[in-house]
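Each remark here refers to the structure printed beneath this line.
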Amino acid sequence: MATHRSCALWSYCGRRWSRVMRCCRLPGFRSSWPRGPLGARHLSQEKQATETHFGFETVSEKEKGGKVYHVFESVAKKYDVMNDMMSLGIHRIWKDLLLWKMHPFPGTQLLDVAGGTGDIAFRFLNYVRAQHKRKQKRQLRAQQNVSWEEIAKKYHNEEDPLGGSRVVVCDINKEMLKIGKQKARAQGHKAGLAWVLGDAEELPFDDDKFDVYSIAFGIRNVTHIDQALQEAHRVLKPGGRFLCLEFSQVNNPLISRLYDLYSFQVIPVLGEVIAGDWKSYQYLVESIRQFPSQEEFKEMIEDAGFEKVTYESLTSGIVAIHSGFKL
């Protein structure tokens with residue numbers, strides 16, 4: 001019993017000390033001090049540095065990156081179709097709720113990481129365009145003695161229908177970005193949209209650059225989640241917001257049993273029939289089970305430097321939206 005209390009105290013102190021060190025960093029200085037619990041440094045440090053999980057399989061960290069890349073390279077062309085089939089279309093509602101929670105305003109600079117096929121980016125562009133139009137109408141209604149000609153000019157000579165908003169889609173997989181660009185052309189998205197090939201663990205952007213960082217169904221595939229979270233904190237402006245939509249832990253025992261049955265018995269079969277790829281969807285199901293619970297992930301976000309961290313479970317905890325701020 002004493003040993004258990006000592007381990008718990010050591011882990012707690014380690015977490016608090018990492019936060020103290022983070023608060024004491026000098027401006028512009030990126031500390032290399034470990035940000036996780038200090039006790040973890042002493043537990044099989046060499047093994048932790050070289051091994052991780054790929055679904056239920058134990059692989060080297062270098063090997064995982066290649067395996068995950070191959071998974072998404074393989075499923076890219078059928079990715080959106082499979083999302084509809086696997087979730088029965090509910091993923092669209094989850095993503096809409098993410099945008100509703102984000103509530104971006106005209107001028108917002110968004111970084112959407114692991115957003116290759118553009119689902120979040122396109123929703124963002126449509127949202128801020130609608131917001132900008134509503135703002136424009138309010139301004140015109142507030143003006144007195146405005147001629148028809150002036151109103152027509154205001155609508156037809158609009159230089160930026162997004163009100164200065166921009167979204168950068170960053171993804172490590174070329175095939176996913178390729179599909180996203182094709183969808184953007186098909187849907188007529190041109191302005192305010194950029195595509196960047198980049199790694200979530202080492203983002204190719206300057207410090208304090210974005211107002212919002214979003215990542216939907218991507219962070220569980222990252223080898224070092226803590227490092228990706230630190231990068232998210234780095235590239236956000238002071239006052240910026242982190243938003244993550246990810247599969248999580250089901251909180252209803254009955255639904256949990258049904259969900260496991262559907263996940264392991266149906267989803268891989270759908271992957272084989274629709275995408276011709278059983279193994280990739282078996283991995284996706286397994287990776288969900290390896291991801292931290294809502295509370296555990298909340299602590300990881302806090303350890304990366306975010307404050308006012310909250311989460312909302314959706315569909316009995318099948319997914320959750322985590323939110324945090326860089327203050």
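Quick reminder: no glycine exception, Cβ is built from N, Cα and C everywhere.
Of all the Cβ atoms in the protein chains shown, 26 others lie within 10 Å of the Cβ of Asp171 (S-adenosyl-L-methionine binding site). The S-adenosyl-L-methionine binding site annotation in TrEMBL covers Thr117, Asp171, Asp199, Ala200.
The number of other CB atoms found within 10 A of the CB of Thr117 (S-adenosyl-L-methionine binding site), across every protein chain shown, is 24. Take Thr117, Asp171, Asp199, Ala200, the residues named in the record as contacts for S-adenosyl-L-methionine: the widest Cα to Cα gap among them comes to 16 Å.
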